[in-house]
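Undergrad: Okay, so Swiss-Prot annotates it like this:
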SIGNAL    1-19  signal peptide
CARBOHYD  Asn28  N-linked glycosylation site
DISULFID  Cys92-Cys103  disulfide bond
DISULFID  Cys142-Cys150  disulfide bond
DISULFID  Cys152-Cys169  disulfide bond
DISULFID  Cys217-Cys231  disulfide bond
DISULFID  Cys219-Cys226  disulfide bond
LIPID     Ser223  O-palmitoleoyl serine
DISULFID  Cys298-Cys329  disulfide bond
DISULFID  Cys314-Cys324  disulfide bond
CARBOHYD  Asn315  N-linked glycosylation site
DISULFID  Cys328-Cys368  disulfide bond
DISULFID  Cys344-Cys359  disulfide bond
DISULFID  Cys346-Cys356  disulfide bond
DISULFID  Cys351-Cys352  disulfide bond
CARBOHYD  Asn358  N-linked glycosylation site
Amino acid sequence: MRPMTFIVGLKTLWILAFSSLSNTLAVNNSGRWWGVVNVVTSTNLLTDTKNVQLVLDPSLQLLSRKQRKLIRQNPGILHSINSGLQSAMKECKWQFRSRRWNCPTTGGDNIFGKIVNKGCRETAFIFAITSAGVTHSVARSCSEGSIESCTCDYRRRGPGGTDWHWGGCSDNIDFGRVFGREFVDSSERGRDLRYLMNRHNNEAGRMTVFSEMKQECKCHGMSGSCAVRTCWMRLPTFRAVGDFLKDRFDGASRVIYGNKGSNRASRVQTHHLEPENPTHKPPSPQDLVYFEKSPNFCTYNGKTGTSGTSGRVCNSSSLGLDGCELLCCGRGYRTKTQRVTERCHCTFHWCCHVSCLNCTNTQVLHECL
């Protein structure tokens, strides 16, 4: 009996260990494609020959087979992906510049750190903004002629209104959304709560870019009378996308894993997200969702990869999140002065140069203890 008990116990431990490893790999694989931001050169004049390996840079080894195939099928698109990811990183840092979590990044493969291993609000924003970055950049690159497989969106043609008509070069948001969905979502594996959360937030980012598209027009007529206008659809600024997603971050929905039961007859997907609080309405496609409480980000935590707020500059006169009381988590702050030299009293001289003086000012800084 004892040998049999030992074997059963050993088998149980092996299954648990394998399950834990699988979950860890699933978490880490979700954002592996972010590593393309470290690509030294974003040119991707890649052959379509099966015998030639699609790895011109070590960072591309982080991509799945499907993602590498998509890059090979769309020459020029790797530069667009890289640019979109760069924009997403900058926007994330700007939106959270005054928060305890200020969207820190690293130079390694996992550029956003260990926080993405948690199902919290911050992870939701990271997935949404990076997905939006790819869609936005690819759609813009199509209209600029930077990608061989797409062009402007010319579907809108002919009369549009009483004094205007469709024309010009609309940004190709449809190609950006389709490519973004195939490229970004292909890194998600499984059918668990984290999978549903990441897929939902990825789509929320793409939907935000689409919903914020604006109509632009150019006037035609004698002396600028604007008797007739030619109009096209233009992408929003990425700052507008970031502002929208930041609002969704503040109002994010906490969700649980919902399962209506199997339905073999209709083959309908029964797994879905439900609000943790049954009195709340289900999240909309543009809402951000999370399932785990965020760390407080006040002190260093190696498990979550948070560095704390010690040494951060705070605003002593603010009662908001950037104020010293909240940002420093009640630990207090130190005040110091520093001398800063800046260019000032600049004058333009015809033609063509600008002359400036150097002005030295004293700045007062408050840093969290």
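Including glycine, each Cβ sits where the backbone N, Cα and C put it.
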Undergrad: Taking the Cα atoms as reference points, how far is Cys352 (disulfide bond) from Cys346 (disulfide bond) in Å?
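TA: If we compare the Cα positions of Cys352 (disulfide bond) and Cys346 (disulfide bond), the gap is 13 Å.
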Undergrad: Taking Cys329 (disulfide bond) as the reference, which of Cys152, Cys346, Cys356, Cys368 (the disulfide-bonded residues) have a CA within 10 A of its CA?
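TA: Near Cys329 (disulfide bond) by Cα: Cys368.
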Undergrad: Using all protein chains in view, find how many other C-beta atoms are within 10 Å of the C-beta of Cys324 (disulfide bond).
TA: 23
Undergrad: Could you measure between Cys324 (disulfide bond) and Asn315 (N-linked glycosylation site) for me? Cα positions, answer in whole angstrom.
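TA: Cα-Cα, rounded: 6 Å.
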Undergrad: Could you check what DSSP calls Cys150 (disulfide bond) once collapsed to helix, strand or coil?
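TA: Note: Cys150 (disulfide bond) is coil by DSSP, not helix or strand.
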Undergrad: Secondary structure at Cys142 (disulfide bond) (DSSP, helix/strand/coil)?
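TA: For Cys142 (disulfide bond) - judged by DSSP and reduced to three states - the answer is helix.
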Undergrad: Rank the disulfide-bonded residues Cys103, Cys298 by how many other Cβ atoms lie within 10 Å of each Cβ and give me the one with the fewest.
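TA: Lowest Cβ count within 10 Å among the disulfide-bonded residues (Cys103, Cys298) is Cys298.
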